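Going by Swiss-Prot, these are the annotated features:
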DOMAIN    10-206  domain 'tr-type G'
REGION    19-26  region 'G1'
BINDING   19-26, 81-85, 136-139  GTP binding site
BINDING   Thr26  Mg(2+) binding site
REGION    60-64  region 'G2'
REGION    81-84  region 'G3'
REGION    136-139  region 'G4'
Amino acid sequence: MGKAKFERNKPHVNIGTIGHVDHGKTTLTAAITITLAKTGGATAKNYADIDAAPEEKARGITINTAHVEYETPARHYAHVDCPGHADYVKNMITGAAQMDGAILVCSAADGPMPQTREHILLARQVGVPALVVFLNKVDMVDDEELLELVEMEVRELLSSYNFPGDDIPIIKGSALAAVEDRNPEIGQDRILELMKAVDEYIPTPERPLDKPFLMPVEDVFSISGRGTVVTGRVEQGIVKVGEEIEIVGIRPTVKTTCTGVEMFRKLLDQGQAGDNIGALLRGVDREGVERGQVLCKPGSITPHTLFEAEAYILTKEEGGRHTPFFTNYRPQFYFRTTDVTGIVKLPEDKEMVLPGDNVKMDVELINPIAMDKGLRFAIREGGRTVGAGVVSEIKK
């Protein structure tokens with residue numbers, strides 16, 4: 001399917017519902033589809049359809065995720081909802097379901113709970129750019145002052161994790177009322193208000209095509225009389241023949257020129273996001289570039305060895321470790337196309353990490369890797385995946 005374009009006249013945005021168990025994430029997801037179905041913007045789905053989330057694998061980890069899609073007059077959305085807390089943790093850390101924004105669901109009757117906190121923290125750590133809040137189950141709270149108190153608490157919580165708590169839209173309503181098509185003043189009217197807030201407040205993501213050129217190196221060939229060809233899938237941006245590019249990671253950064261782009265044995269004048277290409281590099285010998293490096297627009301990404309990460313460690317049942325690990329644990333970190341050994345340093349208050357935990361940790365790699373905040377990786381021991389992580393901060 002080389003160049004088939006996905007025809008769509010509206011901007012596409014990936015979102016999801018997050019929040020504490022039983023606060024109404026799945027009911028809200030159903031409510032959105034049922035409400036938007038009235039104007040032809042969705043196929044109505046009930047709670048049971050969404051709750052029976054199929055299993056999928058991402059970076060060797062099994063995750064249950066339900067996907068629904070719908071549209072507003074302004075945008076097309078792909079929406080993810082997970083049945084269990086562990087699925088959320090895994091989903092957000094592996095980036096299995098990319099989130100350009102999220103709807104934080106919080107029960108007005110209970111206020112913020114432990115997983116409300118944890119999901120906000122995860123959203124911050126994995127780089128979810130914006131949140132909108134749905135304060136659910138308002139029909140279970142008779143006291144207007146109590147409602148205001150919960151709203152204040154949610155705003156303070158968001159601010160404490162460096163989200164703009166004072167500015168984030170908070171919509172109050174009842175997802176169940178919308179699903180049952182009653183009390184529109186707290187039901188479907190509020191769902192429409194929520195979607196308007198999502199349309200306006202969650203920024204349209206930059207398309208991969210508009211980002212600076214980046215291609216992870218998968219293979220390197222030498223073609224006699226022509227030079228060195230590097231193959232891989234262009235992750236983002238465009239590379240044009242004749243442009244200067246950099247080779248970054250593992251060894252010192254090298255500048256070169258792309259003198260040719262091949263795809264399916266045809267010569268092209270450029271390669272773009274999504275293309276599997278061979279890039280011909282000027283003046284680079286076969287030994288000068290290796291799998292695990294990236295080709296990129298000069299200056300757009302830099303190599304690093306020390307970073308903070310948020311990681312999820314697989315349980316024994318998921319095929320992970322059977323025992324905990326401690327500071328100075330030395331697994332391999334699989335970035336894009338290659339493994340690099342790294343040393344783990346745990347936070348002061350964390351003596352050990354048990355299988356099934358998610359944890360913040362510092363990692364020092366023995367070789368530098370081209371990285372940005374938000375880069376995903378797998379944690380492996382002898383080729384077996386034992387965890388997944390995301391770069392939350394670059395330190396060196």
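Backbone N, Cα and C define each Cβ position, glycine as well.
Shown on the structure are the features that Swiss-Prot records.
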{"residue": "Gly19", "record": "GTP binding site", "DSSP (3 states)": "strand"}
{"residue": "Lys25", "record": "GTP binding site", "DSSP (3 states)": "helix"}
{"residue": "Cys82", "record": "GTP binding site", "DSSP (3 states)": "coil"}
{"residue": "Val138", "record": "GTP binding site", "DSSP (3 states)": "helix"}
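Most buried of the binding-site residues Cys82, Val138, judged by other Cβ atoms within 10 Å, is Cys82. Sequence-distant neighbours of Asp22 (GTP binding site): residues of the same chain at least 6 apart with a C-beta under 8 Å from its C-beta are Ser107. Long-range contacts of the region 'G4' (136-139) within the same chain, counting only residues at least 6 positions beyond its ends with a Cβ under 8 Å from a Cβ of the stretch, are 23-24, 27-28, 105-109, 147, 172-177, 183, 186. Cβ neighbours within 10 Å of His85 (GTP binding site), excluding its own Cβ and spanning all shown chains: 14. The Cβ of Lys25 (GTP binding site) has Thr17, Ile18, Gly19, Asp81, Val105 as same-chain neighbours under 8 Å, each 6 or more residues away in sequence. When the alpha carbons of Thr26 (Mg(2+) binding site) and Val138 (GTP binding site) are compared, the span between them is 17 angstrom. Around Gly19 (GTP binding site), taking its Cβ as the centre, 26 other Cβ atoms fall within 10 Å, counting all chains. Across the range of the region 'G2' (60-64), the DSSP-based residue counts are 0 helix, 4 strand, 1 coil.
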